[in-house]
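Annotated features in TrEMBL:
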TRANSMEM  B:17-36  transmembrane segment
TRANSMEM  B:74-94  transmembrane segment
TRANSMEM  B:106-128  transmembrane segment
TRANSMEM  B:134-157  transmembrane segment
TRANSMEM  B:164-182  transmembrane segment
TRANSMEM  B:213-232  transmembrane segment
TRANSMEM  B:253-280  transmembrane segment
TRANSMEM  B:300-324  transmembrane segment
TRANSMEM  B:336-357  transmembrane segment
Amino acid sequence: MKAGTLYLDGVSVVFDGFRALNSLSLVIEPGELRAIIGPNGAGKTTMMDIITGKTRPTAGTVQFGDHDLTRMDEAAIAELGIGRKFQKPTVFDALTVFENLELALKAPRDPWSCLRWVLPPAARRRIEATLAEIGLADRAGARAAILSHGQRQWLEIGMLLMQEPQLLLVDEPVAGMTDQETEHTAALLRRIAGQRSVVVVEHDLEFVRALGEKVTVLCEGAVLSEGSIDRVQNDPRVIEVYLGR
Amino acid sequence: MSATTAETPRLRPTRALILRGLLLAGLLILALLPLLNRLPPDHALHASDFIVSVSGKWMCYAMLALAIDLAWGYAGILSLGHGAFFALGGYAIGMHLMRLIGPRGVYGHPVLPDFMVFLGWTELPWYWWGFQFFPFALLMALAVPGLLAGLLGWLAFRSRITGVYLSIITQAMTYALMLAFFRNDMGFGGNNGFTDFKELLGMKLNTAGARAALFYAALLSLSGAVLLCRHLTRSKLGRVLVAVRDAESRVRFLGYSTVSVKLSVFVLSAMLAGLGGALYVPLVGIINPGEFSPGNSIEAVIWVAVGGRGTLVGALLGAFSVNAVKTWLTSFAPDLWLFALGGLFVAVTLFLPRGLIGLMRKGEER
Ligand SMILES: Nc1ncnc2c1ncn2[C@@H]1O[C@H](COP(=O)(O)OP(=O)(O)OP(=O)(O)O)[C@@H](O)[C@H]1O
Ligand SMILES: [Mg+2]
């Protein structure tokens with residue numbers, strides 16, 4: 001299988017008899033930006049839990065390139081280049097934006113190396129490039145505690161980018177954002193896709209439209225519809241179970 | 001050191017200057033004290049023996065405060081048993097001082113300290129071997145607290161014991177050690193501990209020269225400890241500590257082993273406390289199991305809370321100021337001290353969560 005392709009086939013997850021995922025099949029090509037929508041409880045977060053190894057599937061195949069993710073633990077999957085942004089952002093409030101990114105930078109992580117760490121110029125340039133990418137270049141020296149909600153989300157995305165992921169999973173990034181921040185986030189995700197694949201779970205349809213890419217609709221743990229936002233929004237089954245409610 | 005420190009002004013420049021000035025002034029005064037002590041007693045600048053001896057003690061307490069601040073203020077590990085590390089360091093040097101007494105003890109035994117002769121022992125226990133050598137005793141003053149902290153930390157951090165549970169475990173540790181050291185058959189002098197020391201490194205104790213030398217040893221060690229902590233807290237490791245304190249699971253998620261990060265800082269902190277105790281015992285001339293009492297550890301945590309945890313200056317300020325008040329208050333109303341201490345803690349928690357240092361930073365962007 002092509003390196004960097006995410007491949008889910010017939011994935012089911014059963015919690016105490018309840019099917020959170022029901023024979024879900026999905027392919028994300030390298031560099032693709034994919035939006036996942038679906039009503040509450042459709043299984044979107046569970047799908048991310050499966051990909052990151054937090055939850056084990058009851059049945060089915062989960063592969064990233066040639067790697068069988070169902071046989072790897074969370075740390076190994078992260079190491080493989082799959083990064084995840086949780087719904088609730090956690091950045092380090094007492095540290096500056098720059099320092100937050102520096103902690104996420106790929107570098108030896110044992111205490112002794114951290115004590116002796118001197119930021120190499122190339123790493124500094126990488127941090128600065130990421131700062132520009134997430135639109136926080138002018139806040140580099142600000143403590144994360146004073147950032148707005150949207151800025152915190154971007155910083156967290158930046159921290160994920162520092163770990164050089166091949167696939168980025170982003171769960172509900174724009175919940176609670178202002179319209180302007182939402183627009184900004186869509187542009188940010190469009191910008192960072194291409195060099196790596198990005199999967200975004202979101203309820204906000206305006207935002208999904210702004211992403212302008214392929215959309216997958218999940219319902220009751222399976223794919224209901226797939227295609228452009230216009231196609232999906234006009235799909236009668238989607239209208240029935242989701243948009244028409 | 002990373003250049004990012006330039007981008008993280010934690011204090012307004014003028015305030016940073018004031019603090020630095022205060023630190024330097026404090027250092028200068030301390031450095032001059034033994035000299036001012038030599039002035040004739042009627043001289044305006046004469047420093048009394050009392051002032052010199054009490055400031056020597058406070059410097060050792062300041063090392064303990066620094067150690068607690070490193071673990072608690074930076075890494076979020078609230079140890080309520082750091083007094084035990086301090087006492088263990090003190091006992092290690094105390095054992096050396098006991099061995100140096102040699103045949104000058106009351107019983108005149110060439111090797112055994114008086115309390116062992118009194119107990120009818122005829123041989124030195126194996127764990128007293130080597131303590132006749134100063135470098136060995138000094139090494140033990142650091143290694144024993146370090147190993148104990150390493151063992152305790154490894155067990156606790158590995159099983160993700162944090163917060164109040166960890167505090168309780170450390171408090172239990174110091175209590176258990178106190179009970180153990182009270183026992184005569186432990187071989188540490190029981191409830192009398194060690195005292196009547198004669199000499200150290202060829203200097204007769206209880207001479208003005210020895211007192212000044214011990215004073216400067218404490219001052220140098222304290223300065224070294226401050227520089228070490230400063231280097232550490234300003235390194236990336238320092239930022240990892242702060243991150244662990246505020247969101248440990250997130251740090252783990254970033255790929256850091258929070259167990260080894262916490263363990264290394266906890267061990268270093270215990271060793272600093274041990275060094276403080278090692279300097280303290282020759283200065284005060286006595287060590288007994290009371291040093292392990294749980295209240296001592298709690299009191300030391302209060303110094304740090306009062307000064308301002310998470311800043312090195314805060315720990316120093318807290319240790320000196322609270323002990324100054326204690327010395328002053330206990331000189332006329334010793335019974336009031338515990339109430340004052342409790343009140344101080346409540347007041348600081350309610351009104352000055354960031355301690356005295358927080359006053360200086362008030363109104364700053366947080
Ligand atoms: N650990 C679990 N144990 C039992 N049931 C679970 C567990 N995790 C999720 N579920 C159930 O699985 C279903 C799918 O949940 P999931 O969180 O994946 O939905 P979602 O699509 O992310 O919803 P939302 O839009 O509200 O975030 C829900 O009915 C949920 O209650
Ligand atoms: Mg969800």
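Using the three backbone atoms N, Cα and C, a Cβ is placed for every residue, glycine included.
Stretch with the most C-beta contacts under 8 angstroms to the transmembrane segment (B:164-182), considering only B:74-94, B:134-157, B:253-280, B:300-324, B:336-357: B:74-94.
Among B:17-36, B:74-94, B:213-232, B:300-324, B:74-94 has the largest number of CB pairs under 8 A with the transmembrane segment (B:134-157). Note: the stretches the transmembrane segment (B:253-280) and the transmembrane segment (B:17-36) are not in contact (fewer than 3 CB pairs below 8 A, sequence gap of 6 or more). Each of B:17-36, B:213-232, B:300-324 was scored by its Cβ pairs under 8 Å to the transmembrane segment (B:74-94), and the highest score goes to B:300-324. Contact between the transmembrane segment (B:17-36) and the transmembrane segment (B:300-324) is supported by 3 or more Cβ pairs under 8 Å, counting only residues 6 or more apart in sequence.
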